[in-house]
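Features of the protein shown, as given by Swiss-Prot:
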- Cys58-Cys118: disulfide bond (DISULFID)
- Asn78: N-linked glycosylation site (CARBOHYD)
- 161-181: transmembrane segment (TRANSMEM)
- 182-319: topological domain 'Cytoplasmic' (TOPO_DOM)
- 189-207: compositional bias 'Low complexity' (COMPBIAS)
- 260-271: compositional bias 'Basic residues' (COMPBIAS)
Amino acid sequence: MAESWLLLLLALGCPALPTEVTTLLRPAQQGMGSTPFPSLAPPITLLVDGKQQTLVVCLVLDVAPPGFESPIWFSAGNGSSLDAFTYGPSPAEDGTWTRLAQLSLYSEELAAWDTLVCHTGPGAGDHGQSTQPLQLSGDASSARTCLWEPLRGTRALVLRLGALRLLLFKLLLLDVLLTCGRLHAPPAARGDPAGASGPGAPSLPAPHEVPRADSRLLPQPPPPRGSSSGPADRIRRNHGGTTGRGLSVSASPPLEPRDRRRRVHTRRPRRDPRNPVWEEGPPVLRAWSSGPSFSLSTSSLGAFLCNLPPPADPSFPGG
């Protein structure tokens, strides 16, 4: 415990300590009954109720244990004495005892004092152990001021910190705005082809429905009741229910009744090499104008026309 107090006083730059290290450690090693060793810490100036006060602390090592008188007092070095507040002895790790005394006076009262000395001994009149005089006034004073002093560069540091905070706030605000704008943008602007391919996409045209080539060869279901069953409607249903813009669907002319003596011959349709499907005209025709209407598929009509015999009239073109 004594060594820690000595190190603290050395760090504070105590001017009242002896210069020899052996004298510093000797009282602590002697134990009980050895000579007390006082030391003064540099005075500290405090501001109390608008007035300056000077605080001086005296540390005494290797004092008598509790129950034995060991007073501590301060003087100006001329025989005067000032009572100080003394704390009770506290045990140290090496078995010795330590006491602490403090003196607190206004700076005006201590202004008349040039030096200050701390004493300890069996009685107040016995100056058995004393510290070296501590200078309180003049240029050589080692008093320290604990007032709040303005630090240099504080205002510039505050301005830099404020500018950095403002820059970080602007970057965060820009990031939030960009994120919100991207979330509210259409799918095409975000580069999402899956969302932009829907039928409600405003920036892409609607896909055209292309009729399948084999839809003309497949039989179609009968029309519902109450709907028109004309050739134009059948063709529209066969092509998916839609017609191109500007196109008109016209019905095929009705077939005349066939005479028994004169056979009607039509030219055999040829297959288009560019089209893999053999298209043989409209899928639905009226066979008789006076008889009931019936529908034949394209493949049945082509087979019927191909099986007809050649015409007997030589005036028929192509006969």
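In case you wondered, yes, glycine gets a Cβ from its N, Cα and C as well.
Averaged across the topological domain 'Cytoplasmic' (182-319), pLDDT for the predicted model comes to 54. The Cβ of Cys58 (disulfide bond) lies under 8 Å from the Cβ of Pro38, Ser39, Leu40, Ala41, Ile72, Phe74, Ala84, Leu100, Ala101, Gln102, Leu103, Cys118, Thr131, each of these being in the same chain and 6 or more residues away along the sequence.
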